[in-house]
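Features as listed in Swiss-Prot:
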DOMAIN    109-313  domain 'ATP-grasp'
BINDING   136-191  ATP binding site
BINDING   Gln271, Glu283  Mn(2+) 1 binding site
BINDING   Gln271, Glu283  Mg(2+) 1 binding site
BINDING   Glu283, Asn285  Mg(2+) 2 binding site
BINDING   Glu283, Asn285  Mn(2+) 2 binding site
Amino acid sequence: MKILVVGGGGREHAIAAALSRTTGTEIYAAMARKNPGIARLAKEICLTPETNLDRIAAFAQKTGVTHAFIGPEAPLEAGVVDRLSAAGVACAGPTKAAARIETDKAFCRNLMAEYKIEGNPAYRVFFDPKEAIAFVRDHDGDLAVKPIGLTGGKGVRIMGEQVDRAGAIEYIREINGGVVLEERLTGEEFTLQAFVDGTHIVPMPLVQDHKRAFEGDTGPNTGGMGSYTMPDHMLPFVTKKDLTAALSIMVSVVAAMAHKGYPYKGILYGQFMNTAQGPKVIEFNARFGDPEAMNVLTLLSSDLAEVVTGITEGTLSASNVSFEKAATVCKYLVPEGYPSAPKTNSPISIGETGSAITYYANVEEKNGTLQTLSSRTLAFVGKAPTLAEAEQIAENAASSVTGEVFHRRDIGTQALLDRRIAHMKEL
């Protein structure tokens with residue numbers, strides 16, 4: 001298979017690494033900046049903005065790729081799948097219309113409401129900021145304020161957590177566009193990702209991501225500082241009943257999309273809040289999570305190229321998808337000052353990483369030296385029979401890096417896990 005990977009982050013390095021495990025797979029990559037990890041795996045790369053559909057389509061035709069795997073959300077929103085499909089390239093990724101499950105928060109909520117799909121929190125959509133502000137002023141209780149469009153995982157403000165009522169009103173003024181106001185959900189977050197071929201849905205191991213920048217879940221929201229999976233592919237605060245409910249919601253969404261005339265193909269990412277009433281949908285993403293892709297793709301023991309064929313041809317089957325029964329812990333290194341004022345162009349050096357897997361993200365290689373850029377730098381994944389061992393592998397590797405970077409030492413630790421379990425019991 002000759003396959004094009006679109007995107008140049010840690011998630012895309014994990015996708016390329018998983019594809020490279022298949023003998024005879026030729027990888028080509030289109031990305032805005034040269035990712036050193038992807039560049040080593042690719043036969044040829046094209047440096048281009050990931051929303052430049054002309055350049056990407058021309059590169060696909062020049063190289064003769066038969067398939068494409070789309071990593072980030074921006075090219076999906078721009079319609080890269082529609083463009084590549086028209087050029088005869090089979091894509092693991094949704095069309096522009098289907099990607100609205102992520103790129104348009106109102107579309108997602110309204111679809112769930114129309115098809116009476118479980119797990120939809122109470123919500124209101126406003127296109128006039130004045131009406132949204134009036135609703136917030138009169139509403140008794142806390143709300144989540146979400147811009148309708150893409151925000152890179154950093155655009156939500158939650159009353160009672162990040163902002164008060166006045167702060168929420170100020171944020172709506174700042175957005176000055178469409179917003180979704182939702183009931184504030186209380187519980188523990190978890191991620192369920194699935195391969196989807198338009199009809200069939202094959203779930204992956206559950207993952208928990210950590211959005212806050214600093215230890216103890218403090219500080220500003222980020223794109224994700226790290227994540228973990230358990231050896232049984234569950235999470236300690238998610239029951240089998242909860243998992244069944246979450247998967248049922250995703251199956252219903254895929255069926256609703258097909259019924260609407262937007263069949264969904266690619267990766268569907270469900271971010272859920274496990275509440276006292278069961279799982280509620282925080283949001284859907286139209287692609288792998290970053291960092292969650294690094295956990296599940298490290299565990300994938302079946303052939304990703306075959307899975308891509310199943311997605312594109314509508315022949316996806318759970319019998320062809322298997323994951324190793326092991327724990328994983330992913331820890332991101334980020335520049336000092338991240339996310340608000342990251343130190344850029346700062347050299348870093350990687351020490352002894354042991355058995356950890358390294359995934360390069362927003363990092364530049366200059367004359368053999370790695371330098372930080374403005375976002376998350378690189379990630380280490382530890383894989384082991386137990387969570388404690390996986391955490392130690394990731395932590396040792398992350399601690400080996402010298403330079404103006406930091407990471408969250410608490411991700412994957414028993415202490416943090418115990419807090420999650422205790423929090424769930426309190427509900």
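Cβ from N, Cα, C; glycine included.
Structure with Swiss-Prot features highlighted.
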residue: Val136; record: ATP binding site; Cβ within 10 Å: 20
residue: Leu143; record: ATP binding site; Cβ within 10 Å: 24
residue: Leu150; record: ATP binding site; Cβ within 10 Å: 18
residue: Arg157; record: ATP binding site; Cβ within 10 Å: 21
residue: Asp164; record: ATP binding site; Cβ within 10 Å: 12
residue: Gly178; record: ATP binding site; Cβ within 10 Å: 18
residue: Leu185; record: ATP binding site; Cβ within 10 Å: 19
residue: Gln271; record: Mn(2+) 1 binding site; Cβ within 10 Å: 19
residue: Glu283; record: Mn(2+) 1 binding site; Cβ within 10 Å: 18
residue: Asn285; record: Mg(2+) 2 binding site; Cβ within 10 Å: 23
Tertiary neighbours of Tyr171 (ATP binding site) (same chain, Cβ under 8 Å, six or more apart): Val145, Arg157, Val163
Cα distance (Å, whole number) from Glu283 (Mn(2+) 1 binding site) to Asp164 (ATP binding site): 22
Cα-to-Cα gap, Leu185 (ATP binding site) vs Glu283 (Mn(2+) 1 binding site), nearest whole Å: 12
From Val136, Leu143, Gly178, Gln271, the binding-site residues whose CA lies within 10 Å of that of Asn285 (Mg(2+) 2 binding site): Gln271
Between Gln271 (Mn(2+) 1 binding site) and Gly178 (ATP binding site): CA-CA distance (Å): 22
Rounded Cα separation (Å) that holds between Gln271 (Mn(2+) 1 binding site) and Leu150 (ATP binding site): 15
Pairwise CA distance, Leu150 (ATP binding site) versus Glu283 (Mn(2+) 1 binding site), rounded so that it is a whole Å: 12
DSSP-derived structure type at Tyr171 (ATP binding site), helix or strand or else coil: helix
Distance from Glu283 (Mn(2+) 1 binding site) back to Val136 (ATP binding site), taken between C-alpha atoms, in Å: 21
Between Leu143 (ATP binding site) and Glu283 (Mn(2+) 1 binding site): CA-CA distance (Å): 15
